[in-house]
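The next block holds one structure in the form of structure tokens; read it before the comments.
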């Protein structure tokens, strides 16, 4: 006689499966992205953000971002299994099948789109869908393997969140929101190129034409330094157009100076582990920069 399956015996399996699905959504990346969405929402209005677009917008955008991340896991499952940084992901390890990953990504993305379309506005729903396609299909499935400028071109999809937050509240485009997009668009190459330097051998092993693989590490270091200077200029644009005040100006200047210095060190004073230090600094740079935007908005404006 077969032994009945107990509820308690199935709990560990459920826990492992749930964690695997959650991991596929790249929660840390989505969390940073949602911060930029929130800032876009807050800067779009002079006072408090209306509750419905705030909650529904954050939920819908988070779901579609998680869907894009899951599709990234699905498309990259072969190369992920060959790289030390990613070999332990759910798909290469067989914790989730490709079919289930596709169903999960499609379901999550569809639900997110429905939430945005019905509870926020169609403009935000379609813009978020375009970002999903841009990241999951245009970048991951094509650009990543096609050109060393993959990060530069594909970075536009990842730079959209502040605009999505803005349109979720206002249902319209605004030049100020585009300035925030420009900041993230300019921030993306030095952020990813620093990681690519650290993981150059792994990218070369799986034939991904990241800039350090195709043009060499020294050329990439120069590009990182130049982009941090461009980023510093981009970060000043909100001040120049009167969008932000002195609180943001001071914070932005300090953060830009720090990023340029780290990039200069990488170029002229490199040592083991410095590329990853630059990569981590870039994350804090973006997070603190957008927190400064928020602080300035409520303290100065």
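In case you wondered, yes, glycine gets a Cβ from its N, Cα and C as well.
Remember, it's a predicted structure, so these values are computed and weren't measured experimentally.
According to Swiss-Prot:
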- 29-49: transmembrane segment (TRANSMEM)
- 51-71: transmembrane segment (TRANSMEM)
- 101-121: transmembrane segment (TRANSMEM)
- 123-143: transmembrane segment (TRANSMEM)
- 150-170: transmembrane segment (TRANSMEM)
- 177-197: transmembrane segment (TRANSMEM)
- 223-243: transmembrane segment (TRANSMEM)
- 244-264: transmembrane segment (TRANSMEM)
- 274-294: transmembrane segment (TRANSMEM)
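Here the transmembrane segment (177-197) has Cβ contacts under 8 Å with residues 36, 39-40, 43-44, 151-152, 155-156, 158-163, 166-167, 203, 210-213, 217, 220-221, 223-224, 227-228, 230-231, 234-235, 237-238, 241, 243, 259, 263, 266, 275-276, 278-279, 282-283, 285-286, 289, 293 of the same chain, all six or more residues outside its ends.
With a threshold of 8 Å between CB atoms, the same-chain residues lying at least 6 positions outside the transmembrane segment (29-49) that come near it are 57-58, 61-62, 65-66, 69, 158, 161-166, 168-170, 174, 176-177, 180, 184, 243, 283, 286-287, 290-291, 293-294, 297-298, 301.
Relative to the transmembrane segment (150-170), the listed stretch 123-143 leads the set 101-121, 123-143, 274-294 in CB pairs under 8 A. Long-range contacts of the transmembrane segment (51-71) within the same chain, counting only residues at least 6 positions beyond its ends with a Cβ under 8 Å from a Cβ of the stretch, are 21, 24-27, 29-30, 33-34, 37-38, 41, 101-102, 104-106, 108-109, 111-116, 119-121, 124-125, 128-129, 131-132, 135-137, 140, 161, 164-165, 168-169. Among residues of the same chain six or more beyond the transmembrane segment (123-143), those with a C-beta under 8 A of the stretch's C-beta atoms are 57, 60-61, 64-65, 67-68, 71-72, 75-76, 109, 112-113, 116-117, 149-150, 153-154, 156-158, 160-161, 163-164, 167-168, 171-172.
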